[in-house]
Amino acid sequence: MTAPLRPENSPLPPVGGKTPTNGSEGIRGKSQLERGERPQPRRTKIPRVPDENRLREQALRHVERFAATRASLEGMLERYLARWAVRATRAGMEADLAQAHAARLAPLAATVAESLEKAGVVDDAAFSRSRARSLTRSGRSRLAVKAHLKGRGVSTETMENALEESLGEVAGPGQQSELAAALVLARKRKLGPFALRAPPEMEGEGAEDPEEGLVDDGQPAHLKALKEQRRVTGVFARAGFAMDVAQRVLDMDLEEAEERILQFRSGTFS
């Protein structure tokens, strides 16, 4: 049986069951990358210009998570405005306009921080007392504590009052607090009474040769001792401790040192 003749000028049957398409139809079905075109960046919505209420929300959210002073809170809000200006510019706002909005809103950062201070949400004095105690117990000197509080924007008067209330006056109980902090540092760095000791079976090794005045590494004993003394006192000096405090630590025995640290941390230091 022969196949029926195809009518003249009729289209060819589809190959593989698919109807052929011309070039334009195939291109329309491709993605931008397949067509060799650069994809257009997706435009994001320009963020709304912040107002005082928005800044207050940001401030409250911050103090819920972190301890803050008035100055540090104000600085946080200023950084928030700067980040908003960057986002707005990237979203399509003119850079000059975004910066102008941020500059106009900057005084609100101080206004919000001041209002939260008046409401008692932010308390520089309480922050200073708490931070002074925690830093001292971790081995920070009074000088280092002052530097930390100054960096947080605490005023000198507030700082001094807080240190006296939490650590005591410099000429009185404050001396004992300073000594306790130095002992904590010595224990961390294994200095003075906390220095690693050679086991009993190793005693005598590396001792000074009475004839040569040298230790076993060939270095004069007195020079090596002087070098070690300078290294140890340098650790305390860089941490802000006075030389007399460092010397008291180095002259103290281990039992007394541990007892003083325990008393200080338990609040029974005398």
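Placed from the backbone N, Cα and C atoms, the Cβ positions cover glycine too.
A TrEMBL annotation is a machine prediction, not a hand-curated record.
Values in this document were obtained by computation on a predicted structure and should not be read as measured data.
Features reported for this protein in TrEMBL:
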type: REGION; residues: 1-53; note: region 'Disordered'
type: COMPBIAS; residues: 27-40; note: compositional bias 'Basic and acidic residues'
type: DOMAIN; residues: 123-163; note: domain 'RecX second three-helical'
May I have the DSSP-based helix, strand and coil counts for the residues of the domain 'RecX second three-helical' (123-163)?
32 helix, 0 strand, 9 coil
Counting only residues 6 or more past its boundaries, what in the same chain has a CB within less than 8 Å of a CB in the domain 'RecX second three-helical' (123-163)?
67-72, 74-75, 117, 170, 174, 177-178, 180-182, 184-185, 187-188, 239-241, 264-265
